[in-house]
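S.K.: Provided herewith is a single structure, encoded as structure tokens, for subsequent inquiry.
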Amino acid sequence: MRFELTPRTNVSPVMRALAPVAAFIVSFLIAGFVIWLMGRSPIAAFEVYVTQPLSDPWSLQELLVKATPLALIAIGLSYCFRANLWNIGAEGQYVIGAVLGSWLALRTHGTEAGLWVLPLMLLLGIIGGALYGLIPAFLKTRFGVNEILTSLMLVYVAQLILDYLVRGPWRDPKGFNFPQSVTFDPSATLPPILEAGRVHYGAVFAATAIVLTAVILGRTLFGYRLKLTGDAPRAARFAGFSSKATTMSVFAISGGLAGLAGISEVSGQIGQLQPSISPGYGFTAITVAFLGRLNPIGILVAALVVALTFIGGESAQIMLKLPLDLTQAFQGILLLCVLAADALVSYRIRFVARGGGK
Amino acid sequence: MTTFEAILLTIVTASTPLLIAALGELVAERSGVLNLGVEGMMAMGAACSFAAAVTFDSTLLGVAAGMLAGALMAALFALVVLGFAANQVGSGLALTIFGLGLSGLIGAPFVGARRDPVAPVDIPGLSDIPVIGRLFFEQDLFVYASIALTILVAIYLTRTRSGLTLRSIGENHTSANALGMPVWRVRFWAILFGGACAGLAGAYLALVYTRFWSPGMTAGRGWIALALVVFAAWRPGWLLVGAYIFGAATVLQLHAQAAQFGVPSQLLSAVPYLATIIALLLLSLRHGRAIGAPGSLGAPFVPDR
């Protein structure tokens, strides 16, 4: 028994749209099996992971809070992935954006700084993330260094920079030696959209990024250029599109959005700098981007779905004593299933008896 | 034993897991498959080997479990990238995310447990030579195995028929397929070998290097192994050199941290990662682009009909 792959000639859009859904169901079944192996009830786990968060207003808000950074980062990554460039260092760009933006919050702490602080912080967040994202892009375009490895290595460096700052120069002197900065002033805090609500303005930024990206990808020359660079690099060169300029711009965009996600999370959600400011949003966003098929609307849906696994994971840890690592393992399996489902849509798999066929 | 000798000994211990994992990846990449899942397979190797070693109180069973775990992870990767011709970069990343998560689940009950040191194997006579005697001839079996493996992989790739087949498939899978070479089968075994090596490297980390298990203990070593393959221009001999340079950088920064030079410890901790970037940069500066990369590396294979 062996199998053969044949490219499908015409793929229906329905199948393309259903592939991630099928992938999601398969990964749920696998996760259920793992939970069963661990001696727990998969049905009780499903209840905690999915049903409860979706039926509780507090959790629904929390869902939007968690989906915000995921959507922002994943939207940025979709530019890179469309151009077939592999920025896997969004986690680092997120951290550096948060650090640069927080610098202003800490500098103006305790002063009568006005309304200009917050917009400038957000801008610094974008700039920090973009500049950090441009490092691997520059190394790639100028020297031909593989962007996968450099962007990933820079994640570790960014985390160490943050660690140094909150344990050293930026530590709150009145913080009982805890490694954390002072709590941001109200002028440096991203406010909630609704009074007393949990969802901060980062959600608005994410929504804006999604709409803008839909327009850019569908309606502009730049969007066409990305698609061409990814699908047919030779044709893109003949069309006069510089692959270097494309590389630099997509890394700047994805780094900038990751940086915006970082500073929004710190100033809108955490309220201070700590050694850890992300449960791995930058890596999970890769899963979100692919689950959403690199499509803006798809990414919105995928960010909400994957945010659910974070919230479900947290409550499962408390209620069922299921470790948080289960969530990460699930996200990995989900990405594998999504990629496999993508391939299944593009190819027909035929099983051929050994000796038969070719 | 002087401090200097002790430092040299730890360099060997720090380099060995990098060398083993990178050797496995090198073979997989030479067959044309880019597996970015090394970090995840290594983490699984560490967790499973430690769990088995503590449960059965046997280092040997631990090592076997680690290699098996790495190979099983690799088989999953092979299914997705060979069977479904899925994107290799994405699938490798997914494997890393999955492996880091699952290893956390497997290792959690064993946090706090410790293993006894693995006894070094002393080669009589040779180990009495001052300085280099202890360094080269009184190491644990893994160190000897890693050196032997380097030589075997080098011989396999350059001197055997099967190794030549593997390389031709990596250079151009379409031509190799037209010549009747079994692309899928060769790649499957190459991926599996890579997984077993990553698992072995993880087992070494958990059973020899730290002798305990903690979450995230691989600390990016899988990624450094991937960079080493590029750095070595896909040649086993250079891999040996590269792994030892990196091992030395890791150990020296640890000693520098202990010595407290007034440099922030985080800066020193960043040395291995920065060194990786600089090494890749220097390599590109010298050669213009990554030399020695197999022609079909990372491209999904779908035979023409």
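Every residue, even glycine, has its Cβ placed from backbone N, Cα and C.
Nobody curates TrEMBL annotations by hand; they come from automatic prediction.
Heads up, here are the entries from TrEMBL:
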TRANSMEM  A:21-43  transmembrane segment
TRANSMEM  A:63-81  transmembrane segment
TRANSMEM  A:93-110  transmembrane segment
TRANSMEM  A:116-135  transmembrane segment
TRANSMEM  A:147-166  transmembrane segment
TRANSMEM  A:199-224  transmembrane segment
TRANSMEM  A:245-264  transmembrane segment
TRANSMEM  A:276-292  transmembrane segment
TRANSMEM  A:299-320  transmembrane segment
TRANSMEM  A:326-345  transmembrane segment
S.K.: Under 8 Å for C-beta pairs, could you tell me which stretch among A:21-43, A:93-110, A:116-135, A:147-166, A:276-292 has the largest tally with the transmembrane segment (A:245-264)?
M.R.: A:116-135
S.K.: Determine whether the transmembrane segment (A:276-292) and the transmembrane segment (A:299-320) share at least three Cβ pairs under 8 Å, counting only pairs 6 or more apart in sequence.
M.R.: yes
S.K.: For the transmembrane segment (A:93-110), name the stretch out of A:21-43, A:63-81, A:116-135, A:147-166, A:199-224 with the most CB-CB pairs under 8 Å.
M.R.: A:116-135
S.K.: With Cβ-Cβ distances below 8 Å as the criterion, list the same-chain residues six or more beyond the ends of the transmembrane segment (A:147-166) that contact it, or say none.
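M.R.: Distal contacts: 85-89, 91-93, 95-96, 98-99, 132-133, 135-137, 139-140, 179-181, 247, 251, 273-275, 277, 282.
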